[in-house]
Amino acid sequence: MTRSQGLPRTSRSDVPSPRVLGLRRERAVEDLEMLGWTGREHTSLLWTLAAAGSPDLALNNFVRLVEALRAAEEAGDLPVPGAAHPESVAAAAAAQDGVDAGQGSSASQQDAAQADASQVDPAAAVPVGQVAQFADAKAATLLAAVAEKPNFRRRLFALLGASTALGDHLVANPGTWVDLAAPMPSRQEMMDEMLAAVGATPVEDAGELTFKAAITGSEADSALMVAYRNLLTRVATIDLASTLVERGQTPPKALDFEALSLALTDAADAGLTAALAVACSTVYGKPGAENEKQPARLAVLAMGKCGAQELNYISDVDVIFVAEPADARAMRWAGEFINIGSRVFFEVDAALRPEGKRGALVRTLDSHVNYYRRWAKTWEFQALLKARPMSGDLELGRDYCEAIAPMVWSAAEREDFVPDVQAMRRRVIENVPADIRDRELKLGEGGLRDVEFAVQLLQLVHGRTDENLRVSATVAALRQLVDGGYVGREDGQVLIRCYEFMRLLEHRLQLHRLKRTHTLPEEDDVQERRWLAKTSGRVRSRDSSGAQRSLVEQLELDVRQSALQIQNLHRKLFYRPLLSSVVGMDADAVRLSPEAAKRQLAALGYESPQRAFEHLRALADGTTRKHKLQAIILPSLLEWLSATVDPDAGLLAYRKLSEAAMDRSWFLRLLRDENIVGKRLMFLLGTSPFLADLLLNSIDSVKLLSDGAKGPKLLDQEPAVVTHSLVAAANRQRDPDKAIGVARALRRAELSRIAAADLLGLLSVEEVCESLSWVWDAVLEAALQTEIRAWEDEHQTNAPATISVIGMGRLGGAELGYGSDADVMFVAEPVEQVGDGADDRGAGADVGEGDVGVEKGTVEKTGADNSSAEKQGSSEDAADGEASAVDPLKWAITICESVRRRLGKPSQDPPLEVDSNLRPEGRNGALVRTLASYERYYSEWGETWELQALLR
């Protein structure tokens, strides 16, 4: 601080200024002076304040708290410390020095949670005796505690600088600040406090957690809200202090995620049990009232995160009700419970019940079982993985879980299991608005839901035979998958770390205003991102150049890296263990049994897992370098294949392609070094059998799936250049069959290029049609030139006529499809004038008939002038004489029929059918005519449809 800010000059070098502390509010200096925090003895206190998520928020909330305490003192409203929960004072006094006394637990996880709690950083706890030393809750006592007790100060400033909502709650209930020094409340303590808030007493001859409240209505709502916020504040204080990074101190260890989630779940269970008690009194009458009635047996089943005991600070709590009997009063009881819980705590949702919102709110156990046996969908069984008796008649709830469990663990055998699970995940991603997708922690790609879906899928697949996997919490299930050998140990640890980090960020975002959110602040909101970085315990690191990152940069880096790890989730959880079951990849790799591997393949969408397993063995089980390369790249390839419409066909096609490319060393190297090639290839193989067959006979086309300097290599080739190359290559072959073979091979390569670019969305429909038409043009021109050249070589003379191929239909309009044939007409003109039959209707009809059929086409023109080399010397005269002896039109028909016949020969390629049925008089007309003959026919006898056909 400076002298202008009212501080002694001697304090300048010892006391940090407000700006250094991160204080930006205009009242900051005034507030510090009012509190007396201006001397060097307060330096440590001020640095703790600076470590808060928002120092301004922390200071403002603290000043408000002090003022509220002073106002309460004047009114005589301050409570006696420890009166609300004396057991917490006793627990604190009995705790080890510097260690919290417990983390809160429930029956099945008590011991594990307490073991984890013992590892919490001592800085997050309050030393022994401090709670008991708070003789009162006065402002002076608070100021002294903050000044003298560093660990309590950490807790308080961490809370006040992170949560506007809980800061407001503390100011509204100022005497509760003493509770912030208490240890983590146990499950029983939470239950006792919530039930005491509404004066709840047990109902005789009812379920274990069935109570009636002494108060109802708005009075009960207020009491429940204050009591629940008190519990939440105590939990949040310990949690936030565990990630407070003070200047010059070693970063603390964050509170164990499972212990925190368990505590939040225990708080929700306690709050909802108290709400159920209020609802019971509302419907069945208060204890001792004249209208009091005995309630039905009602079990409340928690679902989702609450059921799995991995709750957030603010989550929807999904529930299902089971009642005996399921009468109107039980229905009303459940409805009142939902209304109270949603008003006071968080949204309570029963939409996961049978038939959803259209179904009955309450059912008997038999009704539930009948529904799940006959009508339940796959996603409903997936949801039931996390079902847990939470409140009410716990025995009835346990009966429900026991009855449903066999159906849950056999869900993976259903025919629609895999498509249903995949479709549900796709719907979740598609429903995320595009403008927040990159900031979505939960639902976006690489988010929390990806981990949860994958873990649940593995549980359902392998839990049928391995009961150790039948746990509900995500992290616990992932650990069991590791222990059971279904997930690699290192992979499992990385995913747990990434998942817990994302959940930590989600918790901090929700604590800010106690709003349900899982979206990162806007990229340009540096202040909010800095707040999130500080409250989540980010510590700066250095980049590759040695420069230190800012806290915001560190946060963004950590989020990107975690999202990337999660995006690789399926490869880590599903595909690498599969390959290890076929071939030992390394000593530490998970090796599934053949049966487990086949179950996993079935769960990934393979309809024939036995055959898929055999394909993997054929590809990767061997000692050669190629087998080892396959084992390295197959996890990624399998992941990409699983997203296609037919992974079975895709894997078979890849095996065939790999075997065909055995002598091409570049093939596997390309897939290993360029991910984009593998990703595109798997998509094509699993999508189009037509293209898979083309690639199998045109392996070099796989090279075009990579990217060049200008983008995808699939777009590097111009159709005109391809046409020229095809014709030139065919012309280098003197034998007609070999020439057509060359043309077929080049056509095959070009078709594979066009089809690949088409499926990958790189070409428009117009570009595809035009490119396919160019290919037909080239094939027809090459075939015609080949036949003319072969005749000239055989007869040692020049061709007696020129021939043009006229494209009709889609060929003429340059809009062919993959399955189109080539509609054409042939036109010939003699080199020397010969009669063209002008005296009869079908000039040339006497020459012969031709019926042609093929596929695909374009307008092609060629003639004798470019079909053979010139004859020299005296041989030219002899050739001219021989040519004059040949009927030009008969010769042209012979050539065109030969073109049609040779192109139409059966082969492994797509057919080449040339169709000439659109010629004058159709099948009965001459295959070839002169130009004058065509003109005369159309002018004198052409029908309307024939003239319409000429439009193209």
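Note: Cβ is positioned from N, Cα and C throughout, glycine not excepted.
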Checklist line | Feature region 'Disordered' in TrEMBL, mapped to one of the ranges 89-118, 179-208, 449-478, 779-808 | finding: 89-118
Margin query: Does the domain 'Glutamate-ammonia ligase adenylyltransferase repeated' (881-952) come close to the domain 'Glutamate-ammonia ligase adenylyltransferase repeated' (679-840), meaning at least 3 CB pairs under 8 Å for residues 6 or more apart?
Written below: yes
Check: Residue counts in helix (H, G, I), strand (E, B) and coil for the domain 'Glutamate-ammonia ligase adenylyltransferase repeated' (881-952), per DSSP?
Finding: 39 helix, 4 strand, 29 coil
Check: How many helix, strand and coil residues does the domain 'Glutamate-ammonia ligase adenylyltransferase repeated' (254-397) contain under DSSP?
Finding: 75 helix, 23 strand, 46 coil
